[in-house]
């Protein structure tokens with residue numbers, strides 16, 4: 001039997017940790033604290049996280065081919081120069097909406113940055129419905145809008161053959177698949193491939209592994225689950241010592257470690273005293289499966 005080990009590696013408490021991405025060049029894990037308004041980078045060598053503060057909720061971070069990073073910040077796509085702690089706006093979305101912000105984002109195999117929006121939360125997972133949209137920032141820095149009427153735009157990834165786009169709108173309690181055209185970046189033929197069970201709670205961040213199976217972090221469910229997108233079957237459940245698991249990615253030298261971000265927002269003193277590691281970043285080893293390196297933004 002595999003011995004799955006779970007360790008809290010970055011203990012500094014995030015309000016809303018999200019968007020873990022392995023930076024192979026730095027040998028470090030990137031992630032964001034949305035409500036804490038910072039982009040973080042944790043090094044396994046120093047076992048320390050550095051942070052760059054930003055001026056708005058920062059919801060996702062991605063590698064950039066030309067160096068450094070791109071981020072989603074408020075309703076902006078922006079560039080982040082790490083050493084200089086310099087953020088420059090690339091473009092803004094949702095100009096017709098007063099109270100939205102970006103949420104999760106990820107770069108596709110052709111180097112396009114997909115990211116979606118949601119209404120600002122009144123409290124965790126409580127918000128005005130249908131205010132969000134899904135966008136793509138193209139390498140020429142123009143933006144495409146795919147669809148609107150989204151509640152909480154969340155986890156996303158692509159199948160290993162690049163023919164399917166997987167996507168989560170959290171309050172639908174569903175993991176969805178679209179046909180995907182790598183040449184054009186167009187998506188269509190939406191369908192649900194997995195409906196979450198009550199104890200799994202709200203589907204949040206997601207990543208694919210080297211066997212083409214999906215891993216979904218379950219917000220308030222205290223777990224990541226492994227799904228077969230072909231059969232719609234639940235293959236594995238990994239429970240964590242905290243409830244608010246937000247997202248997951250693979251990293252480490254050979255992408256055999258899983259990193260899971262978490263949140264502490266919305267937890268009272270008593271809840272936090274029971275879960276002192278809430279808002280930390282966890283490393284899971286011994287899963288017996290590897291991940292796929294992240295793609296850099298081509299623009």
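Note that Cβ sites are derived from N, Cα and C of the backbone, with glycine treated the same way.
Record features, source TrEMBL:
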{"type": "ACT_SITE", "residues": "204", "note": "active site, proton donor/acceptor"}
{"type": "BINDING", "residues": "18, 154, 204", "note": "divalent metal cation binding site"}
{"type": "BINDING", "residues": "101, 103, 121", "note": "substrate binding site"}
{"type": "DOMAIN", "residues": "16-264", "note": "domain 'SMP-30/Gluconolactonase/LRE-like region'"}
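Of the chain residues outside the divalent metal cation site list 18, 154, 204, 19, 103, 104, 152, 155, 168, 170, 205, 217, 219, 246, 247 have their Cβ within 8 Å of the site's Cβ mean position. Ranking the binding-site residues 103, 154 by how many Cβ atoms sit within 10 Å of each one's Cβ puts 154 at the top.
Sorted by the number of other CB atoms within 10 A, the recorded positions 18, 121, 204 start with 121, the lowest. Mean pLDDT for the domain 'SMP-30/Gluconolactonase/LRE-like region' (16-264) in the predicted structure: 97. Annotated substrate site 101, 103, 121; additional same-chain residues within 8 Å of its Cβ mean position, judged by their own Cβ, are 34, 57, 59, 100, 102, 117, 118, 119, 120, 127, 152.
Ranked by Cα separation from residue 103 (substrate binding site), the recorded positions 18, 154, 204 are led by 154. Around the Cβ of residue 101 (substrate binding site), a 10 Å sphere holds 22 further Cβ atoms from the protein chains shown. Ranked by Cα separation from residue 154 (divalent metal cation binding site), the recorded positions 101, 121, 204 are led by 204.
With 101, 103, 121 listed as the residues that bind substrate, the site has a largest C-alpha separation of 11 Å.
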